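Trainee: Before we start, here is the structure in question, set down as structure tokens.
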Amino acid sequence: MTATTTAPPTTLSVRTAPQPSNRLRAWATRAPLLPALVFMIVVTQLPFVATVVISFFDWNSLYPKARHFTGVDNYTEVLTDADLRHSVWTTVLLTATVVLVSLVLGLLLALLLDRRFRGRGVVRTLLIAPFLVVPVAAALLWKHVLYNPEYGLFNGLLHYVGGPQPDWISRTPLLAVEASLVWQWTPFMMLILLAGLQSRDQQQIEAARVDGASDWQIFRYLTLPHLRRYLELGALLGSIYIVQNFDAVFTITSGGLGTANLPYTVYQSFYQAHENGLASAAGVLVVIGSIIIATFALRVVSSLFREEVSRA
Amino acid sequence: MNVLRRNGLGLLAWLLGIMFFLPIAWMALTSFHSEADAATNPPSFGAALTLDGYRDFFGTGGGASPWPALVNSLVASVASTLFVLLLALPAAYALSIRRVRKWTDVLFFFLSTKMLPVVAGLLPIYLFAKNTGTLDNIWLLVVLYTSMNLPIAVWMMQSFLAEVPVAVIEAARVDGARLPTVLARVVAPIALPGIAATALICFIFSWNELLFARVLTGVVAETAPVFLTGFITSQGLFLAKVCAASLVISLPVLAAGFAAQDKLVQGLSLGAVK
């Protein structure tokens, strides 16, 4: 892992008159950190260990006495069951679509907002707003107020131009969920990319312009390489958040019409079907997927972080 | 030509901004319409305004009152944010001002816990709550929200505290100032805006959370997002009420988000982007 960056030596060595022993001092330095560290290990790591253990048991909470060890059977079932396999695929498709589309839209908006124009601050505020609607409320807004086939805004606007009046959610259920998520996550991508654009070396760009570089050349050879890590960061963080998405799937389609993703499946298999072992196996699979993304995410964060530290 | 292009791109930005905001504006307008006017096709833009949607939502027209859920959300968000600050501030101090050895490793451990999906621990937490009788107890959510936000807070605050110049702290200590004085007089004034933004972002995440609340609460500790899930199935003409409910419940987040606008990126990117 790249996380093992050596820390710059701390220049702060406050010496008080009588020197306590070195070990005592080391613990005094560590002490402020311990409550947070212990709390995190207990609340986040222990339940996960329990999930891994449960995932090896055949355990339906309606028949607690029949609980027994089954080895990897739950994993075999998750990976072979048609519905569950479908939810793995749905998760991948949902995450990839939402991340890519909102990243492209976010880049476009960030490039537009990076220029000076009248009312830039207002436009920025308007664009952030979708991200600041409570996710369930946003999902309800799309489900009832925009998508409703009889009186939703979309069909209302289509009515003016004599267009068709589709039932958006039943015709294209996954797309309906994706569109609402793209609307919420584009501002997130825009903010990260805008921060990236604004951290460009302006002198370098000026120099390139003086040398006769065109806007496209500046974008292609200066801006894009600089933005690469910000694009990666946005994609990876977006993936981590959207892989876990529950609110939109739960609200817009209630996991029906083939939109159940893994988090929804985990929720449903223990909360409604009481299959604890299966739910845990599915949960572990989500974690494995996240770890793959997270490894890359941590690498990007760490490279940006080292840059910050060395600049400081 | 150049002027034309610059104005054109500005105009495009405005157009896209308005497009993204349109659903929210429409939600706000619909919330002030009567139910009959809210459910017309084509939409009635100029219909008479009324507060009926809000009266309905607040339960004066029958139906469950949202107040207990709003209070629960407030307790869960504010209490967990306070706990986060209580745990994260000392930790951030040990990771920025008086650094422990291998402090970057510790930072990345915190970050990695954030990448563990919520569903990974959901079932054991549910079973634990069931067996200890803490199901439907708002304080269980407070503990979970604290763990959900602690990594973000540690990352953000470590970067804010690291901005306090070491020389200033040393000078104060050479002048004989004790640690509490240094923290209050030197560190706090520089780090306070950052700490406030961190708190606002933690508040937003707690207020928004659905999965834990949905699984672990019932009638007593129900939070505002769980209350909103009551609107998932259509109930006849109820658009104005849904809009009013969504808007009222989103208001604290909108307010906190706009207040923390400048530091929002930093929080969302877990401190990686300034």
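The backbone N, Cα and C atoms fix where each Cβ goes, glycine too.
Computed from a predicted structure; not experimentally measured.
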Trainee: Please identify the range among B:8-30, B:238-260 that TrEMBL labels transmembrane segment.
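Mentor: Of the candidate stretches, TrEMBL labels B:238-260 as transmembrane segment.
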Trainee: For the transmembrane segment (B:212-231), could you work out the same-chain residues 6 or more beyond its ends whose Cβ comes under 8 Å from its Cβ atoms?
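Mentor: Distant Cβ neighbours of the transmembrane segment (B:212-231) are 64, 66, 68-70, 72-73, 76, 118, 122, 125-126, 129, 135-138, 140-141, 144-145, 238, 241-242, 245-246, 249.
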Trainee: Could you tell me what the rest of the chain brings near the transmembrane segment (B:107-126), counting residues at least six beyond its ends with Cβ under 8 Å?
Mentor: 95, 135, 144, 147-148, 150-152, 154-155, 158, 211-212, 215-216, 270
